[in-house]
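Peer 1: Heads up, here are the entries from Swiss-Prot:
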DOMAIN    57-193  domain 'C1q'
CARBOHYD  Asn23  N-linked glycosylation site
CARBOHYD  Asn79  N-linked glycosylation site
REGION    122-147  region 'Essential for interaction with GRID2'
SIGNAL    1-21  signal peptide
Amino acid sequence: MLGVLELLLLGAAWLAGPARGQNETEPIVLEGKCLVVCDSNPTSDPTGTALGISVRSGSAKVAFSAIRSTNHEPSEMSNRTMIIYFDQVLVNIGNNFDSERSTFIAPRKGIYSFNFHVVKVYNRQTIQVSLMLNGWPVISAFAGDQDVTREAASNGVLIQMEKGDRAYLKLERGNLMGGWKYSTFSGFLVFPL
């Protein structure tokens, strides 16, 4: 004979009904519940994907956006390294953008999206700005019109990064004497690999 507790559990399970999708290929969604999956054929797959399960968590979110909010000319540090520094971080989800060095450090292997917009102000020189990955240029952008007071070098790219890889902007040609207010540098993890 079934005990009272067992009857209550059976009744609750019957009322809740089965967790199901519309068809066999649709995932089962159990909102607010923990689902434990056991593999009857375990392997030594270190990635944990032997079952074909992809797990996303809040810690997988990675994004940053930094701007230049003042029109100060480059500092001694900028003149020496030619790295383009940003003085205000608007978004830094995951804390992977080092604001002191204006460098993004990849927290995991994945595909990342970057874009930049570097404004030159009252400067008749052509500038070349490059997105650097571990010290090597990936993409560049140019601004060289001598008849305008403000012009921007802009570009964007998707790149594969390994954990610990560093991305930053470098002034490869010209100077930013006059400042670079309104310049931006942003990036985010598109998906992990």
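The backbone N, Cα and C atoms fix where each Cβ goes, and this holds for glycine too.
Note that the coordinates shown come from a computational prediction; the quantities given were computed from them, not determined experimentally.
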Peer 1: Counting only residues 6 or more past its boundaries, what in the same chain has a CB within less than 8 Å of a CB in the region 'Essential for interaction with GRID2' (122-147)?
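Peer 2: Tertiary neighbours of the region 'Essential for interaction with GRID2' (122-147) are 84, 114, 116, 153-157, 159, 161, 165-178.
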Peer 1: Quick check on the region 'Essential for interaction with GRID2' (122-147): DSSP residue counts for helix, strand, coil, in that order please.
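Peer 2: Here the numbers are 0 helix, 15 strand, 11 coil.
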Peer 1: Kindly state the mean pLDDT of the region 'Essential for interaction with GRID2' (122-147) in the predicted structure.
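Peer 2: When the pLDDT values over the region 'Essential for interaction with GRID2' (122-147) are averaged, the result is 86.
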